[in-house]
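Inspection log for the structure reproduced underneath, given as structure tokens.
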Amino acid sequence: MAQVFNFSSGPAMLPAEVLKLAQQELRDWHGLGTSVMEISHRGKEFIQVAEEAEQDFRDLLNIPSNYKVLFCHGGGRGQFAGVPLNLLGDKTTADYVDAGYWAASAIKEAKKYCAPQIIDAKITVDGKRAVKPMREWQLSDNAAYLHYCPNETIDGIAIDETPDFGPEVVVTADFSSTILSAPLDVSRYGVIYAGAQKNIGPAGLTLVIVREDLLGKAHESCPSILDYTVLNDNDSMFNTPPTFAWYLSGLVFKWLKAQGGVAAMHKINQQKAELLYGVIDNSDFYRNDVAQANRSRMNVPFQLADNTLDKVFLEESFAAGLHALKGHRVVGGMRASIYNAMPIEGVKALTDFMIDFERRHG
């Protein structure tokens, strides 16, 4: 079969080694004669899978002992509700930074539960889209927490700064598309959440990292499956969890450790992004409209100077084994999502194609 590189924004490419191992174990997991999908989530076999996955995840991010790790349903959008329902307490407002599509979606959901104070961080620098530095974010005095999205998959915008607002500010963040791609100081956050389908594993699983002093504050109307305390007290098994997604995510964690961990992956991700942005920046045929300081290393949107060639580009790239390059309907153009599982060979194949396409159509 010809080599295919999947640039989908999510569900996204999984490491080939992980897929191969899952395929080998699919019908007979560890000699049980059954699939891991078929065993009880409360049996000792799956409990071992769950415990190993959590420990490997903790190791990869150096998660402090006073933080709990929850394996949840609901995706990032579920946490758009889960965060206010768990953290508002007796307060009626929270600070929300608007820097892109997903941040705005979180704000829209939060309005059901509180009156968010919106910090519009979107700016333009030399004609390109950018984000205000954190020192310019005007936080309110009465906010229960601060929420932001470090990586906007649709806009291709990243906020790489580490928050430093003092211990009185509970920082929450949607790391769905950038978790495990670069070192992360978990201690600077109150809550970190991430849908699994981009940098962790298959869709259906959501990870939440929550500082333990923030437990026990859920609103009485909070659904039990979103209540961090309920989930923690039941080892993330208040109801049947997405066991296969949990198992596969655990395999990805072991794969990441074998690659050298998050620091090693960060170096590779930088190389991939530099390679792709380099081709875009050295061409009049392609363009990216995000300021360099806020460019995402995970999601690279780009446009053709002649958008009548978009359809041809997508058809020819697909035929060349470069799949899922169509940009989001909100922004159009192209988008290459180059998460951890995308090898540098895939990015090299894309850039070679882009150079050749420009030669033939420019």
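The chain as shown is numbered from 1 upward.
Positions of Cβ are set from backbone N, Cα and C atoms, glycine also.
According to Swiss-Prot:
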type    : residues                                     : note
BINDING : S9, R42                                      : L-glutamate binding site
BINDING : G76, R77, W102, T153, D174, Q197, N239, T240 : pyridoxal 5'-phosphate binding site
MOD_RES : K198                                         : N6-(pyridoxal phosphate)lysine
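The secondary structure of D174 (pyridoxal 5'-phosphate binding site), as reduced to three states from DSSP, is extended strand. For the pair W102 (pyridoxal 5'-phosphate binding site) and R42 (L-glutamate binding site), the Cα-Cα distance reads 35 Å.
All protein chains shown were included, and the count of other CB atoms within 10 Å of the CB of N239 (pyridoxal 5'-phosphate binding site) stands at 12.
The binding-site residues listed here (T153, D174, T240) include T240 as those with a Cα within 10 A of the Cα of R42 (L-glutamate binding site). Of all the binding-site residues listed here (R42, W102), the one with the fewest other CB atoms within 10 A of its own CB is R42.
Within the set G76, R77, W102, T153, D174, Q197, N239, T240 that the record links to pyridoxal 5'-phosphate, no two Cα atoms are more than 30 Å apart, and one pair reaches that distance.
Of all the recorded positions given, namely Q197, K198, the one with the smallest number of surrounding CB atoms inside 10 A is Q197. Taking each Cβ in turn and tallying the other Cβ atoms within 10 Å, the top scorer among the binding-site residues S9, T153, T240 is T153. Following the DSSP three-state reduction, the secondary structure of G76 (pyridoxal 5'-phosphate binding site) is helix.
When the binding-site residues S9, G76, R77, D174, T240 are screened for a Cα within 10 A of the Cα of the residue listed as 'N6-(pyridoxal phosphate)lysine', the ones that qualify are S9.
When the Cα atoms are compared, N239 (pyridoxal 5'-phosphate binding site) and S9 (L-glutamate binding site) turn out to be 29 Å apart. Rounded to a whole value, the Cα-Cα separation of Q197 (pyridoxal 5'-phosphate binding site) and S9 (L-glutamate binding site) is 9 Å.
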